[in-house]
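A.B. asks: Submitted below is the structure of interest, expressed as structure tokens.
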Amino acid sequence: MSPVSRSRPNEDTLGSQKRRRFSESPPSALQTSRSPRGGGFGSLLSGPEGLQPPRGAQGVRPLHPISRPRSGERPLPLGIRTLACSSSPICGGYRYHHNYAGDPSWAEDQEKEKEESYRQRRLKERERIGELGAPEVWGLSPKIPEPDSDEHTPAEDEVKNQKSSSSDFTNEEKRTKTSHSTKKKRKKKPSKRKHKKYYDSSSDCHSSSDSDKKKVKTKKKEKKKKHRAKQLKKKRTKKEYNDISCKASERDLPEDAWMEQSMSAESMDLIGPEAPVIHTSQDEKPLNYGHALLPGEGAAMAEYVKAGKRIPRRGEIGLTSEEIASFECSGYVMSGSRHRRMEAVRLRKENQIYSADEKRALASFNQEERRKRENKILASFREMVYRKTKGKDDK
């Protein structure tokens, strides 16, 4: 333990000498004395015995203190001690004097902090603009909106004034009615109160008058019953009188008059000779021209077929059939595949119309043939009937 106590004054003297050197040395010397690993001033302040605290920081303890060798332990070599001291950030005043000039992570952190502060500033400014607005940019909105020329025309203003005046008039009428009704109610209320008071005071008088009221009611009921019975008798007598008068008039009128009236009523229904019954032909009925046709297209095409004309095609309106035929002969057609497709559609539609027209012609022909057969059969039957009746008459 005696060698340890002897070495303490030597350590104090060495630390004071090193502090003086550090304070007296120029900045160029300090920069050159930094270790290549970024350890700072560890090589200047680190001694063989251990680390010394920097000037002005007596209370700060080193992060990695090097303990003295105890009894029975081997002390560390000098190079390892200096490296350990130089690697610590607080050793030799490194924490207080180094500016991180060559550290890229420190520069990135500084830039991030600046960006974050700028964002916060911009956010606060935007919130302020959203709340208060920016009159230097947009200007303040007008307190009273300007009247629009389309919305506020003089005619509309007059109509609005009339409506407002009529509504005011109706409101005044309602108010007067309500005031009258309230006055009447107020007038009625005291009368009820008076009546109640009178009723309470003269309860005995009312008990005596109740019997009189009942008698009056019974008399009124009897009168009503008698009146109803008289009315029923009058109605019965009127009905009987009417029946008797009708019977007497029937007896007086002859039967010929009734026959003439019925005949005249029957003749009034139909005036003039009856029209002959005409069988509706199939030509008048709407014919189905097939599917995939526009409404009215089939009928319009059938009209051209009936007239014996060529059905006009798309783009041929205003041209005669002869002009169209001459154009087709000279080689004017639609362009390419579209012409082929349009031609196919046109041919299909025309075939539908022609087939429908042929069906109609066949149906009309069959109908005419049937009518002819029926007429022949009817004529032969009439001749046969006439012969038989004539032979009987001769006998």
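Glycine is no exception: its Cβ is also placed from the backbone N, Cα and C atoms.
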A.B. asks: Could you check Swiss-Prot and say which of SER25, SER141 is marked as phosphoserine?
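C.D. replies: Cross-referencing SER25, SER141 with Swiss-Prot, phosphoserine lands on SER25.
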A.B. asks: Can you dig through Swiss-Prot and tell me which residue of SER16, SER23, SER117, SER211 is labelled phosphoserine?
C.D. replies: SER23
A.B. asks: Can you tell which of SER149, SER191, SER207 Swiss-Prot marks as phosphoserine?
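C.D. replies: Checking Swiss-Prot against SER149, SER191, SER207, the phosphoserine entry points to SER149.
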A.B. asks: Based on DSSP, tally up the residues of the compositional bias 'Basic residues' (214-238) by helix, strand and coil.
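C.D. replies: Residue counts for the compositional bias 'Basic residues' (214-238) by secondary structure: 25 helix, 0 strand, 0 coil.
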